[in-house]
Amino acid sequence: MKYAGILAGGIGSRMGNVPLPKQFLDLDNKPILIHTLEKFILINDFEKIIIATPQQWMTHTKDTLRKFKISDERIEVIQGGSDRNDTIMNIVKHIESTNGINDDDVIVTHDAVRPFLTHRIIKENIQAALEYGAVDTVIDAIDTIVTSKDNQTIDAIPVRNEMYQGQTPQSFNINLLKESYAQLSDEQKSILSDACKIIVETNKPVRLVKGELYNIKVTTPYDLKVANAIIRGGIADD
């Protein structure tokens with residue numbers, strides 16, 4: 001089976017002085033979360049579409065779905081975790097407890113605040129996860145990347161045509177993800193910033209799927225302005 005996990009666990013601290021977490025902020029008169037969710041509803045492949053959100057925002061999430069007449073029976077709202085990967089594992093545990101997990105089950109995980117993903121990106125994630133077990137959505141790095149450990153001087157300048165910017169979705173065979181996460185030490189888990197690193201840390205390959213430049217993550221006031229411009233310009237019409 002195929003599952004979607006929408007990660008709505010952020011509290012929006014980088015958005016500044018706003019009354020709601022960023023996933024509930026309006027984008028063209030509709031919460032960002034609803035824009036994102038509508039993309040997944042259009043994909044018939046999914047057995048369940050699971051939204052993971054902070055415990056204190058679960059009721060608000062359900063109320064928002066009702067307000068915007070989102071009634072797809074596949075949608076479930078659960079409590080997120082303490083961080084991104086803990087939230088993903090909460091979704092996995094929920095799937096396991098309600099449906100069980102088969103060897104070929106896959107999950108497509110996606111940031112609730114990336115509302116401009118496309119049908120193509122979702123379908124290619126599903127197919128690549130089924131075929132390869134783990135997949136990341138990326139775009140070519142446009143700018144030169146530098147690394148610095150002391151935040152003052154350059155340590156290295158990697159070859160740009162080997163650099164990519166990670167987006168979401170990130171998609172996995174569920175058993176592969178579970179088993180890989182279980183192999184990590186507490187120290188390894190504490191420095192994870194990305195779900196695909198769970199797989200990389202256990203020396204397993206992750207396939208790349210091409211994203212889109214406009215598949216942005218809305219985390220700052222500037223991002224919100226860009227997102228509104230994308231909608232007004234019809235840039236992300238799928």
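In case you wondered, yes, glycine gets a Cβ from its N, Cα and C as well.
Annotated features, as they stand in Swiss-Prot:
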{"type": "BINDING", "residues": "Leu7, Ala8, Gly9, Gly10, Gly81, Ser82, Asp83, Arg84, Asn85, Asp86, Thr87", "note": "CTP binding site"}
{"type": "SITE", "residues": "Arg14", "note": "site 'Transition state stabilizer'"}
{"type": "SITE", "residues": "Lys22", "note": "site 'Transition state stabilizer'"}
{"type": "SITE", "residues": "Arg160", "note": "site 'Positions ribitol 5-phosphate for the nucleophilic attack'"}
{"type": "SITE", "residues": "Lys217", "note": "site 'Positions ribitol 5-phosphate for the nucleophilic attack'"}
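Shown here: features listed in Swiss-Prot, placed on the structure.
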residue	record	CB count, 10 Å
Leu7	CTP binding site	27
Gly9	CTP binding site	24
Lys22	site 'Transition state stabilizer'	26
Gly81	CTP binding site	18
Asp83	CTP binding site	14
Asn85	CTP binding site	21
Thr87	CTP binding site	25
Arg160	site 'Positions ribitol 5-phosphate for the nucleophilic attack'	12
Lys217	site 'Positions ribitol 5-phosphate for the nucleophilic attack'	17
Cα proximity to Gly9 (CTP binding site), best match among recorded sites Lys22, Arg160, Lys217: Lys22
Top Cα neighbour of Gly81 (CTP binding site) in the set of recorded sites Lys22, Arg160, Lys217: Lys22
Rounded Cα separation (Å) that holds between Arg160 (site 'Positions ribitol 5-phosphate for the nucleophilic attack') and Asp83 (CTP binding site): 30
